[in-house]
Amino acid sequence: MGQVLPLVTRQGDRIAIVSGLRTPFARQATAFHGIPAVDLGKMVVGELLARSEIPAEVIEQLVFGQVVQMPEAPNIAREIVLGTGMNVHTDAYSVSRACATSFQAVANVAESLMAGTIRAGIAGGADSSSVLPIGVSKKLARVLVDVNKARTMSQRLKLFSRLRLCDLMPVPPAVAEYSTGLRMGDTAEQMAKTYGITREQQDALAHRSHQRAAQAWSDGKLKEEVMTAFIPPYKQPLVEDNNIRGNSSLADYAKLRPAFDRKHGTVTAANSTPLTDGAAAVILMTESRAKELGLVPLGYLRSYAFTAIDVWQDMLLGPAWSTPLALERAGLTMSELTLIDMHEAFAAQTLANIQLLGSERFAREVLGRAHATGEVDDSKFNVLGGSIAYGHPFAATGARMITQTLHELRRRGGGFGLVTACAAGGLGAAMVLEAE
């Protein structure tokens, strides 16, 4: 076991997570169509503060993230402060770590708490796949800049004459990695082939995810942590996630064609997480500050780790890299965990990470460790379903996982939970949570 790194303040306080909340998650272009991420963020933070009954002035910092950036609101965190009635002097800044963005936001607030610069803060993220920054071609962009500097009408007309019809076409946001040109689904296909993960295994995991998420809603387990969203024209509120298949059937999964490798692929729309809109946030405090305010924390942040790997091969193996580091820093082993929640970007990616966490060879030859991180116990894994069912508003998923895991730990009488995710750019994140 390597060095244990306790997350405590200089006074010995643990980092408490006192509350967490999210909007329902909605598939792209459905319930939240036309609602920008900043409005989703304001919605969830405003409701989180109202439910917690914590005075707004108690919150000294807000760190928030958004992956699909909107040029008109580059600092979503500050817009949330200004749009929710929070103290105007509240420090606020934005972060981005792709699919691990709200993990990063939580880590940043935790570091401020440990440094002693704040005693309470909010971390979270919001994304909209329905309100997108549609761009213009590089040629048109250059001409528009030059036109702005032109002094006469003839100069402007001459510049516009250089354009062709194709230059006027809108440019949608890129879905491929900037550095490689590969889509995440391409990497998921590569990992499925490399690690021998079959179509049947992927479909079975997706089916399991939907079944468990549907059961979680049916049992009322998510009611406390998901707000009701009222959206224009205010005729029908959104109460639950709208991606979950309550009648999920394995036979239906088998009918779908591959989405990326059309001839030989196994990754489909059904065994991948869909584009989603939503927001999530958590309130963090020092343990002593929570006691002063008479608050009972949901749990505590025990450790965290971020890793980075090559983007050309196995780019989505972030959990297999970051998990052993987070466990090491927490002073725990895989067998001591009560719950494991892994982000399901793709069923193939999830199954590959599970396989390698239990691989002695991967531990020795790739991680340089003496032993495997540990086998993933199915009875502890994604017990309420995962991102394939709930959906994945990129910057919000981490905060969803943290809140969901802490509530489930408390229902089980406490223990330790691992939350972990892969992210674009070969990034990985893992956090160990503790509940009493």
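Glycine is treated like the rest: Cβ placed from N, Cα and C.
For C99, the entry in Swiss-Prot reads active site, acyl-thioester intermediate, with the evidence type sequence analysis. In sequence order, V67, H343, A345, H392, F394, T397, G398, A421, C422, A423, A424 make up the list of same-chain residues 6 or more apart from C99 (active site, acyl-thioester intermediate) whose Cβ falls under 8 Å from its Cβ.
For H392 (active site, proton acceptor), other Cβ atoms within 10 Å of its Cβ number 26. According to Swiss-Prot, the active site, proton acceptor annotation covers H392 (among others), on the basis of sequence analysis.
All protein chains considered, the CB of C422 (active site, proton acceptor) has 35 other CB atoms within 10 Å. Positions annotated as active site, proton acceptor by Swiss-Prot, on the basis of sequence analysis: C422 (among others).
Secondary structure from DSSP puts C99 (active site, acyl-thioester intermediate) in a beta strand.
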